[in-house]
Amino acid sequence: MTPVTPAAFEKRDNVVIFDTTMRDGEQSPGASMSHDEKLELAKILEEMGVDVIEAGFPIASNGDFEAVREIAKIVKNSTIAGLCRAHQVDIDRCAEALKGTQRGRIHVVIATSDLHMKHKLQMEPDAVIDVIARSVTHARNLRDDVEWSAEDATRSDRQFLRRAIETAIKAGATTINLPDTVGYTYPSEYADLFSWMTQNVEGADKVIFSTHCHNDLGLAVANSLAGVQGGARQIECAINGLGERAGNAALEEVVMALKVRGDKLPYETKIDTTHITRASRYVSAITGFPVQYNKAIVGKNAFAHESGIHQDGMLKNRETYEIMTPESVGQAPSSLVMGKHSGSHAFRAKLKDLGYELGQNALKEAFGRFKDLADRKKHVYDDDIIALVDDALARGSERIRVQRLRVVAGTDGQSAELTLEVDGEVKTSEASGDGPVDAVFNAIQQIVPHDAALRLFQVHAVTEGTDAQAQVSVRLEEDGRIATGQAADTDTLTASAKAYVNALNNLMARKEKSRPEAAIASGF
């Protein structure tokens with residue numbers, strides 16, 4: 001494979017979109033994804049037009065290795081990247097995972113700041129330069145597409161960073177990534193860093209420079225765009241801004257900023273923005289991380305107008321208060337109410353409007369659940385259907401299933417009778433508690449003993465009215481592992497039981513993963 005040169009991208013006025021939802025995004029505490037969920041997300045990202053999909057950290061676990069390998073086999077139009085440290089064994093493992101694709105990228109990372117070299121690597125600068133030369137050379141001998149990342153680049157000595165970049169370029173790197181690992185830099189500083197490097201680094205014209213920004217100060221998107229102004233032609237980002245600590249630059253925000261403000265940043269991406277909402281909802285469903293209502297681009301209120309003045313302006317001309325349309329990011333143009341008399345064809349059309357394309361079996365199951373919901377609710381709104389489909393997606397790998405729940409609550413106490421299916425075996429328990437939710441969770445604890453602590457229990461109504469569905473989020477922590485579960489139901493206690501069980505299933509999945517002794521924890 002011949003790597004595309006920066007000149008080719010400049011000619012097309014393109015910015016490469018590098019998605020790291022499955023790698024850096026999954027490092028967000030509790031954001032674990034199953035193997036099948038990663039495969040489905042990879043398909044969504046490919047359909048969206050993402051240039052590079054970072055599918056995992058192959059040496060971190062067998063699960064990551066298999067995810068990278070399978071995604072490399074099924075994705076044909078996007079480059080698949082695997083992350084590795086600057087160790088030969090890491091690089092070899094990454095190359096092995098990428099064998100199934102002609103569009104594979106080995107992504108090598110090592111820290112370059114004085115702080116990291118002294119305290120984390122415990123290496124002298126000259127030794128780090130030697131490791132860069134050897135590791136990138138080895139990676140380039142295995143793949144033509146090699147990305148090199150300078151962890152903590154924005155806090156690195158500029159002259160040493162230049163030396164490190166030149167070493168990586170001479171060794172064969174085709175993309176140079178300068179991460180703002182701890183979200184410390186300021187837009188003007190980041191733009192200047194890229195401008196200076198592209199002008200002063202020998203061989204800079206032979207590579208693509210990349211941004212990778214964390215959101216610790218809320219500047220990840222602004223810094224990414226500033227990096228492009230300074231000369232970067234690749235942005236590393238994640239759906240919904242998912243990532244370590246405060247997260248990464250949000251893919252949907254950087255893409256729409258480039259699209260809407262082409263007058264200031266005359267660069268294009270290959271992203272089909274009508275897939276954005278679908279991707280956002282899918283990631284939210286499988287990770288259990290709700291999208292905040294006022295989140296830019298994909299939040300529930302992103303295109304909502306309540307002020308009378310705003311509503312009047314919108315009725316006269318939408319452009320008075322909207323700089324983009326809901327349709328441009330894949331949101332349904334209307335909130336058509338459906339009910340128990342709606343047929344499967346109307347349901348399928350509604351799902352398509354909402355950005356969901358389900359297979360025949362999944363569609364049949366979803367329609368059955370819709371009809372059940374319609375029997376319990378007078379009106380079924382778009383948000384109800386979204387919650388219904390997302391609830392199914394969030395279940396993932398189910399070792400534990402809720403079969404039956406009966407709760408008795410009154411002034412004289414609360415008790416729950418619960419039946420679960422655990423690894424194919426049906427088990428029943430009765431428990432009391434300080435409130436009905438506590439009783440339900442105690443009943444689950446009796447059937448599935450565990451030491452996980454409840455860190456989050458959150459309920460919100462999907463729509464208005466007393467028959468509205470309740471959407472429940474639960475977060476559990478055990479031995480430093482965090483897992484989240486979501487569920488929706490017209491019965492709040494049933495939704496609570498399902499969400500808790502989903503979190504337990506995800507916690508079990510996380511336990512099966514193991515990380516190498518020196519695995520990167522920073523998400524660089």
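Each residue, glycine too, has its Cβ placed from N, Cα and C.
Site annotation for Mn(2+) in Swiss-Prot covers His212, His214, Asn248, and the matching candidate from Asp24, Asp36, Asp434, Asp438 is Asp24. With the fewest other C-beta atoms within 10 Å around its C-beta, His214 stands out among the binding-site residues His212, His214. Per-residue pLDDT, averaged across the domain 'Pyruvate carboxyltransferase' (15-277), gives 96.
Asp24 (Mn(2+) binding site) falls outside any helix or strand according to DSSP and counts as coil.
Every protein chain considered, the tally of other Cβ atoms within 10 Å of the Cβ of Asp24 (Mn(2+) binding site) stands at 27. Its Cβ placed at the centre, Asn248 (Mn(2+) binding site) has 32 other Cβ atoms within 10 Å.
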